[in-house]
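Novice: One structure coming up, written as C-alpha cells, with questions to follow.
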Amino acid sequence: MAETTKTHVILLACGSFNPITKGHIQMFERARDYLHKTGKFIVIGGIISPVHDSYGKQGLVSSRHRLNMCQLAVQNSDWIRVDPWECYQDTWQTTCSVLEHHRDLMKRVTGCILSNVNTPSVTPVIGQSLNQSTQPVYQNSNLSNKPTAVRILGKVGEGLSRMCCVRPNLQRVTFVDENANLGTVMRYEEIELRILLLCGSDLLESFCIPGLWNESDMEVIVGDFGIVVVPRDSVEPEQIINHSSLLRKYKNNILTVKDDSNHPMAVVSSTKSRLALQHGDGHVVDYLAQPVIDYVLKSQLYINTSG
C-alpha cells in the first residue's frame, strides 16, 4: 500500500500513570510495531495524557509529579510525548473529551484531514504554510503560563520529529494552508490522520461493567475514534468484545495487537510498582525505568502510602 493511502495514526493513552511503568511504554512500542506490520497504518506519534488530580483515586500523587515521571520515562523516545492538557483543566475530564480535544487540536495545528472511523473528513483545515518563517498567532486567553502542546511534523513515514510541551514567549501554533506541501513527499490534504485510544484489555473489559462508562461516550470512543488494545494478564479482547453489544457493533474499530512478544504485560501495573517501592523490593527495576525510580526516591513518593 502506498504511503499516501495509509492512515496516519496518533496513539493516545489516558490513565493515572501513578507511576508510569516500563509496561506503559512497551504498550506504545508493541502497538506501533503491530500497526505497521498490517501495512495499513503509519504511526506518527504517541501521546501520554495523565489524569487530572481531581480524579479521586486513592494514593494518586499530584499531577506535577506524575507529569515529571512521564517526561523522564519518554525522554529517550523520538515519537512518544507527554501532554499536560488534561492535568491543567479545572476539573477531571472524560476519556472522550480528551480524545476530542486532541482531534480538534490536530485539526487546528496541522491542516491534516482528521477522520472518524466511519465518517472520514474530506475538508482540510486552512491556515498558514508550515515552511514559512512567519507564524500566525492562535489566540487563547486561557493559556496563561501553562505548557502548550506544539506539534512539528518531520518527514511523513518516519514519524513525528517532535510533539512536546513548551512555554512560548508568544501564544502561537503553526497553521498550514490548503496549498502547502509537506516537504517533498505529499500535500497535507492527502494525509488522513486518526487518533486512536491505546489501552490494555483491562480497560476494554471495564466497558462491560454496567454504569461505569457513559453510554454516549462509549459510542464516540469506539464508534468514531477506535481503539488499539494490547492484551495483558491473559485477558483476551475477543472474549470481552463478545460480552458487549456495543463492542460487537463496532468490533471492526477495535484493533487487537497480535505479536510474538513475550513481554509480561502485568508489569504495566502501577499498583505492583507502588507495592515494590513500599516494600523495598529490588524487582522494582523490572517495573520502572531508572530515572523514574530515582525521581520517586528523591521526592519520597509512594514510600509511606498504601494507595
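From the backbone N, Cα and C atoms, a Cβ is placed for every residue, glycine too.
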Novice: The NAD(+) site in Swiss-Prot lists Ser16, Phe17, Trp92, Thr95, Gly200, Asp202, Leu212, Trp213. Which one of Arg30, Arg32, Arg108, Arg232 belongs there according to the record?
Specialist: Arg232
Novice: Within 10 Å of the Cβ of Ser273 (ATP binding site), how many other Cβ atoms are there?
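Specialist: Other Cβ atoms within 10 Å of Ser273 (ATP binding site): 27.
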Novice: Which of the three DSSP-derived classes (helix, strand, coil) applies to Leu212 (NAD(+) binding site)?
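Specialist: It is coil.
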Novice: Of all the binding-site residues given, namely Ser16, Trp92, Gly200, Leu212, Arg232, which is spatially nearest to Arg274 (ATP binding site) at the Cα level?
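Specialist: Among Ser16, Trp92, Gly200, Leu212, Arg232, Ser16.
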Novice: Using the alpha carbons only, what distance in Å do you get between Arg232 (NAD(+) binding site) and Thr271 (ATP binding site) once rounded?
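Specialist: The separation of the Cα atoms works out to 15 Å.
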Novice: I'd like to confirm something. Which of the binding-site residues, Ser16, Trp92, Gly200, Leu212, has a Cα closest to the Cα of Ser273 (ATP binding site)?
Specialist: Ser16
